[in-house]
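Features of the protein shown, as given by TrEMBL:
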{"type": "ACT_SITE", "residues": "D299", "note": "active site"}
{"type": "BINDING", "residues": "Q110, K126, E147, A230, A231, L232, L233, E304, D319", "note": "ATP binding site"}
{"type": "BINDING", "residues": "E147, D319", "note": "Mn(2+) binding site"}
{"type": "DOMAIN", "residues": "194-402", "note": "domain 'FAM20 C-terminal'"}
Amino acid sequence: SKLAALFKHPLYNIPIPEVTEKDKLFVVNPMEKFSLRSSGSDEWISSSKAETLLPTGKTAYDTYPSWLKFHVGINRYELYPRQDPLMPILLQDLATQRIVSSVQKSGGTQLKLIMTFPNYGQALFKPMKQTRDQETPVDFFYFSDFERHNAEIAAFHLDRILDFRRIPPVSGRLVNITKEIRDITTDKKLAKTFFISPAGNVCFYGECSYYCSTEHALCGKPDRLEGSMAALLPDKTLAKRRSWRSPWRRSYHKSKKAEWELNPNYCAQVRETPPYDRGHRLLDLIDMAVLDFLMGNMDRHHYETFEKFGNDTFLLHLDNGRGFGTHSRDEPSILAPLRQCCSIKKSTYLRLQLLATQPYRLSDLLREALATDPLAPVLAEPHLRALDRRLGKVLGVVGRCLAG
């Protein structure tokens with residue numbers, strides 16, 4: 001396994017700083033067993049106040065379901081550890097756990113559902129909108145592109161291979177529209193949008209600002225529908241997140257350009273603006289630009305951080321559905337932060353160089369990682385080959401910076 005060899009490589013075993021109590025998102029008393037409130041609410045409370053609904057293990061931690069272990073493991077430096085024994089279990093849960101509730105997620109331009117499992121875990125379901133081999137039409141603006149369920153799955157694995165580990169775990173899943181959405185939804189607005197198509201397939205379209213209409217309905221075969229299931233982050237009432245507007249945000253306008261597209265010295269003013277004037281925030285943003293360039297994602301207008309950790313923490317790479325839309329052309333403007341600032345973390349640069357070598361070729365690693373997903377093959381071959389070409393271009397930009 002190339003993937004196993006990669007994760008054993010010294011560059012993937014650089015220790016993170018020591019994690020103190022204040023560096024953990026949640027501080028949990030290890031002696032306190034936690035159980036679900038039996039009233040049916042999705043709160044976790046200590047078992048001294050309620051009957052335990054889960055089999056007790058040797059320690060309190062053993063009683064937690066996988067999603068809660070994931071939440072408890074989040075710290076200032078990483079969303080999840082590199083060699084995480086929990087990851088296969090959590091991905092398996094996302095793919096197989098019984099769905100007890102499906103409701104539409106409010107906001108956004110496209111239909112997304114929040115699905116709840118019997119142990120109160122929750123996942124964000126993005127349904128399949130287009131097939132693996134369809135490319136985004138050349139005349140489409142980035143902001144009118146579809147979100148792709150397979151891009152969400154591939155982005156999680158790519159982010160992990162790059163050793164960023166800033167995307168919550170995502171698994172593919174085949175959902176039964178009738179039994180796992182229509183029959184169990186309590187969302188009245190969503191319930192009104194189900195119909196049977198002329199071909200006899202079960203369809204629905206939900207309510208949202210762009211693609212929620214009969215013409216853009218999602219139809220099963222006859223009621224089976226592919227989608228991505230992303231583990232939800234802790235509720236914002238428990239772990240506040242801050243949303244930051246990206247300095248390299250696009251204009252989201254058909255003819256207007258953003259300032260960074262017009263001013264070649266734009267990075268100089270970003271470097272003087274908090275929070276980019278100190279710490280590693282700018283370098284983290286450049287990591288994110290590298291990830292986005294590799295998958296062709298032009299839709300990175302904001303990013304988030306956990307408020308508890310202030311400015312000294314990693315960026316969350318959320319919402320990657322507009323990646324992997326085209327393999328036949330690259331979008332050099334995504335690399336503007338790297339090109340204009342001529343800065344990159346040494347560790348990132350060394351890993352990118354490693355992923356360009358034969359034993360650790362990026363396309364081979366991602367192909368291997370995606371082969372275990374329930375919806376494999378997740379990406380068409382041309383998308384995997386495009387990664388190696390794009391990686392060469394990233395290294396070319398860094399090389400020019402070093403030579404300059």
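Cβ atoms are placed via backbone N, Cα and C, with glycine included.
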Original post:
Between the recorded positions E147, D299, where is the Cβ count within 10 Å the lowest?
Top reply: D299
Original post:
Just how spread out is the ATP site if you go by the largest Cα to Cα distance in Å among Q110, K126, E147, A230, A231, L232, L233, E304, D319?
Top reply: 20
**OP:** Return the single residue from the binding-site residues list (A231, L233) that has the minimum number of other CB atoms within 10 Å.
**Re:** L233
**OP:** Would you mind checking how many other C-beta atoms are within 10 angstroms of the C-beta on Q110 (ATP binding site)?
**Re:** 17
**OP:** Provide, as an integer number of angstrom, the distance between the C-alpha atoms of the residue listed as 'active site' and D319 (ATP binding site).
**Re:** 9
**OP:** Report, as a single number, how many Cβ atoms besides its own are within 10 Å of the Cβ of D319 (ATP binding site).
**Re:** 23
Subject >> Mean per-residue pLDDT computed across the domain 'FAM20 C-terminal' (194-402) >> reply: 95
